[in-house]
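Here is the structure we will look at, set down as structure tokens.
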There are 2 protein chains.
Amino acid sequence: MDAIVYLAPICALLGLLFAGYSFLAVRKEGEGTEVMKKITAAIHHGAMVYLNRQYRAIALFVVVLAIVIAAILPNGVLTAACFVLGAVLSATAGYIGMFTATSANGRTTNAARRGIAEAFRVSFASGSVMGMSVVGLGLFGLSIAFIGLSNFLPGMDEYTIVNILAGFSLGASSIALFARVGGGIFTKAADVGADLVGKVEAGIPEDDPRNPAVIADNVGDNVGDIAGMGADLYESYVGSIIATMLLGASTAAVFFPNVSLMNVILFPVVIAALGIVASIIGSFFVRTDKAESSAIHMAFNKGLLVALALVVVATYFVTNAMLGEYGFGVFVATISGLVAGFLIGQITEYYTSFERKPTLEIAKSCQTGAATNIITGFAKGMESTVFPVIVISIAIWIAFTFSGLYGIAVAAVGMLATLGISLAVDAYGPVADNAGGIAEMSHQDPHVREITDTLDAVGNTTAAIGKGFAIGSAALTALALFSAYAFAISKGGETIVMDILHTPVFIGLLIGAMLPFLFSSMTMMAVGRAAYEIVVEVRRQFKEIKGLMEGKAEPDYESCIAISTHSALKEMVAPGLLAIVAPILVGLVLGKEALGGLLAGSLVSGFMLAITMANAGGAWDNAKKYIEQGHYGGKGSDAHKAGVTGDTVGDPFKDTSGPAINILLKLMSIVAVVFAPLFL
Amino acid sequence: MDAIVYLAPICALLGLLFAGYSFLAVRKEGEGTEVMKKITAAIHHGAMVYLNRQYRAIALFVVVLAIVIAAILPNGVLTAACFVLGAVLSATAGYIGMFTATSANGRTTNAARRGIAEAFRVSFASGSVMGMSVVGLGLFGLSIAFIGLSNFLPGMDEYTIVNILAGFSLGASSIALFARVGGGIFTKAADVGADLVGKVEAGIPEDDPRNPAVIADNVGDNVGDIAGMGADLYESYVGSIIATMLLGASTAAVFFPNVSLMNVILFPVVIAALGIVASIIGSFFVRTDKAESSAIHMAFNKGLLVALALVVVATYFVTNAMLGEYGFGVFVATISGLVAGFLIGQITEYYTSFERKPTLEIAKSCQTGAATNIITGFAKGMESTVFPVIVISIAIWIAFTFSGLYGIAVAAVGMLATLGISLAVDAYGPVADNAGGIAEMSHQDPHVREITDTLDAVGNTTAAIGKGFAIGSAALTALALFSAYAFAISKGGETIVMDILHTPVFIGLLIGAMLPFLFSSMTMMAVGRAAYEIVVEVRRQFKEIKGLMEGKAEPDYESCIAISTHSALKEMVAPGLLAIVAPILVGLVLGKEALGGLLAGSLVSGFMLAITMANAGGAWDNAKKYIEQGHYGGKGSDAHKAGVTGDTVGDPFKDTSGPAINILLKLMSIVAVVFAPLFL
């Protein structure tokens, strides 16, 4: 075993140390006034209740699936162990991130009383905890598992070891399923439920503490945008690394004949390790004391660019050292993924920012009513698939040309190399958003709210970019896992061909293309049902709790949180089962090639649907905000009402169904990889 | 040359004779009162103006493309000649159908004054003219072209002849592009434009003769639902027959070694010929004198079932006689397509009828506003892809299992065998709809409107079934053409493999999956722009024409028709070019396998999108109508307003973008087949 393998756990630990350092930076800040403390505590408590309930449900699921794996797969017990490890570490990262974010919300509000620099520092530190926990725990876990398997099972070949390691990725996917799908349902049920009764029926403002669902709504922001996003990207991160290791183990002898097999397998791990260090260094460049949103954008960009540049330079030397004559090709493949990730984020930003043409056109269409707003937004969402497809196509074409299917997987690793800092930027947004809510509820000075609003506005942009990045990386990870699946079913030396003209493959393609539509439909209807339960509960409290509307009595926040939690967990069972059962069923009934078709079909149609829904949703949201700034009649005008309708339609699009497709694509691919022996 | 080849033109002529007979049945009916005559004349004139303008544009396009084909393809001149013939005959069928329908509108109203049996007879006869013209001209043209090529070019092998004949299918696709995409834009621009100013701004009812866009709206119904639907199905009909002939010519030697090559090639032509006779016989069973909609449904079902049963029996004997030992396999394949077409229609009916759960759920969601209506409708639309996918998958699996790729193409032919009568049922709807409008505008007795409303209600159901059928047949035709393409590029004996793992194929898949999204976005935005021009014009007329609102002056109907025509033709250029250029470009740049990927990717994603949009649109329409019947507060209630928003969003979904995807899929496939020599 090369010494280089130990680089990964060391860098991962560095990342975790930085997470700890950032956590202390958050906790150093004071908690503020009594009211602020109370609200923060309520959100924090609600989030922890949700997580505990969710993790209990997950534990059951993980145990059952682990037993199945152990029972039916070759090396089942070891695979099941990796599976449990991957799941536990993802859950831990989510727990840390949520714990920090929900205690950083109020502290950010408190810091905003002193100025923007302090508030920014606290909220970004909270994001860094999430970012670094995800990459640190992900890389630490999988590298330690690899080292353990290699050292304690000396008779086992590398390919088998990496195959066992795939269980780790399946564990990550399982948590992501719960966190993203369940979390997506939770957050939108609470949001829509709170708005429908509070804003629309009772006529009280958003974030009003009299609304019984307001805390659930705040908890939801964290559940969806922090735990959900974190688990999604943890899954991509781990999945892309393991897919590359699998492809390396399968193809090294043929495509990298003069290179040590271990180097080919470990290369993605090393890049990820160096990416953590680059992210830490980049994070130190993220600071500003200017009160404009442009300065905050600039600070983020500086940090991200430093990290990116470091990774590029490091990759150049690492590829050379580890892969010799093939180094340059792999270098180009890595960079192509890195650049593609950056570009897809920018495209998303273009399509959803209200400083750009598409969203402005959508806002304009609100003048002629809700219907034209919906049509325009949906059309722009569909149009927004064009450039991401072109970018991804060019990236995989370059990666493939320069180093084959291994190159495509490496591109995914490249895209995610700086996840430590890019996820930190992403996870900062919801904290700023919630800080604004707490400022409102605790009746702070208007200038405090102004500061949190500035931070929140930047957060909206970074959230849009983050969503595009999450979809792009999910697609590339799913593609890498799909390629790995092809090798997993070719054991015995036969060349696997998934010929579209072979009818079972085409049928797989057709069924695969349908699944994201069905999955989205299920998650969308689930939000509707869950929101309806919240509506009923809020109406009940308004009616039954005397003095609530006058501010003399307290609403029962916890019951709304309990309902959201319960609905989310109940409603995610059906789509979750679909994602796991569909690939296994197709593989068993129609054969292994048909399952390949299914993966490819769901990948291409799911990619389009996810982008359409995420961008249409984001653009509707910002079109409404643009009108609220006073355009086309401003708040309360007919155009504004049309804008609100679009925003409400967009909510489950962008926060539930769209992001859930990421999980569907990756989960089905890793299920195919892990259960491949069943289809031989 | 077998004598059997002459069966096709003979049966086709029988079909045309029956069309003539039906035409006389329409013309026998009186034109009614002076006001009715005037309105009928205005619609008829508007439709003819539109068609003339459109055909001039098409003529230019056809000439240019014919020159290109003649110049660059092997056997270019002959292919170009077939191309022109296919286009001219499709245009002729459209012209006949539109001419008849627009003169049958008023006559149906007039007949309704005497009772439902007469009105039903007139409107169905008008539909029969369209149905029989489409199958008669389609089959006559392609069989005569085949006979001509075989007799006058004796040195040419069958494969080359059938390849030249593919030009005929490209001609059909070109007309379909203009008729479906241009027509879809025309009809919705006029509809939305008329409603936005008339109903919403001026507060006058639908179908009010004071509205300057009302005639354009009526013309639009014919343009979209008769000419557009007719050209779409003409394209499927011709495309599936020719694809089967191509596959027969390519694979007969290998897969049907003991059968005469000519029999394998001519089999689809013979089935189509017998299908025409079966459709004629079935048509005689379509009559009723009962005034309930269930009786009309029953009459249609009787006619369709008679035709289907005849085709099944005839196919059994024909397959036996022509294909010997392979006969049974091909028989099963034919029937599988036929059954699939029927089932897909029924599924569409289930998802869009307001007597069924999905639409009722959508109507219910209107109580909580437009946003929940949109979310529920869209979710149900996505869900409605599941069963069509399962049906199509089983059909192609059976067809493939029983007789290979040839079997899949044969399934498409089977699905379309009874097109003569099923298109007649479909084309009856818009006539009944327009008859209602004329009854309204000419102030007939309420019982006349009741009769036309009953006919119209049935028409809505048949239209929904027709749309599902059109999508299903388009998908199967595109799949057959895709298979034919695979053989077209394998000339020289090599086996063509379109391996998804080969990165150019995957990139093709990705780009292909994106194209329906882009295409839909373009057509949807086009409707918005065109409707806006109508809005401006109607507002102008309301302002400038004195006495218009008081009914003392006449609006300028023709200017609205001219604007719709102009916009439709202008706006269809970009999406039309996309459909033609994209496959050629991908074929040239990324290679012939990548083009295969593109076709498969667009097929699977386009199928889902088309079904989602068509069914969501249909369901929103009927959910609104359900509320208008008095549910949830009825007309004018908040729920109704929410329903109207859904209906307006659904308009371009179901009548423009959704159906246009059918054309995109088939057109790209036939472009690939015809231009295949460029990619070798």
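Indices start at 1 and increase along the chain as displayed.
Placed from the backbone N, Cα and C atoms, the Cβ positions cover glycine too.
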When TrEMBL marks a stretch as transmembrane segment, which of A:33-53, A:159-179 is it?
A:159-179
Chain-internal residues, separated by at least six, CB under 8 A from A:Ala463 (site 'Determinant of potassium dependence'):
A:Asp225, A:Asp426, A:Gly429, A:Pro430
Under DSSP, is A:Ala463 (site 'Determinant of potassium dependence') part of a helix or a strand, or is it coil?
helix
Cβ pairs under 8 Å only, please: of the recorded stretches A:122-147, A:265-286, A:298-319, A:386-409, A:500-519, which one is richest in them relative to the transmembrane segment (A:159-179)?
A:122-147
Excluding the flanking five residues on each side, which residues at least 6 beyond the ends of the transmembrane segment (A:122-147) place their CB within less than 8 Å of a CB in that stretch?
1, 5-6, 8-9, 11-16, 18-19, 22-23, 25-26, 29, 82, 85-86, 89-90, 92-93, 96-97, 100-101, 104, 107-108, 111, 161-162, 165, 168, 172, 226, 230, 233-234, 237-238, 241-242, 245, 269, 272-273, 275-276, 279-280, 283, 286, 419-429, 431-432, 435, 455
For the transmembrane segment (A:572-591), which partner among A:78-101, A:265-286, A:386-409, A:500-519, A:598-620 gives the most CB pairs under 8 Å?
A:500-519
In terms of Cβ proximity under 8 Å, which residues at least six beyond the ends of the transmembrane segment (A:386-409) contact it?
240, 243-244, 247-248, 251, 255-256, 264, 268, 326, 328-330, 332-333, 336-337, 339-340, 343-344, 347-348, 468, 471-472, 475-476, 479-480, 483-484, 486, 607-608, 611
Cβ under 8 Å to the transmembrane segment (A:265-286), counting only same-chain residues 6 or more beyond its ends: which ones?
2, 4-5, 7-8, 10-12, 14-15, 18, 124, 128, 131-132, 135-136, 139, 142-143, 146, 158, 162, 237, 240-241, 244-245, 248-249, 252, 299-300, 302-308, 310-311, 314-315, 318-319, 322-323, 330, 334, 409-410, 413-414, 416-422, 424-425
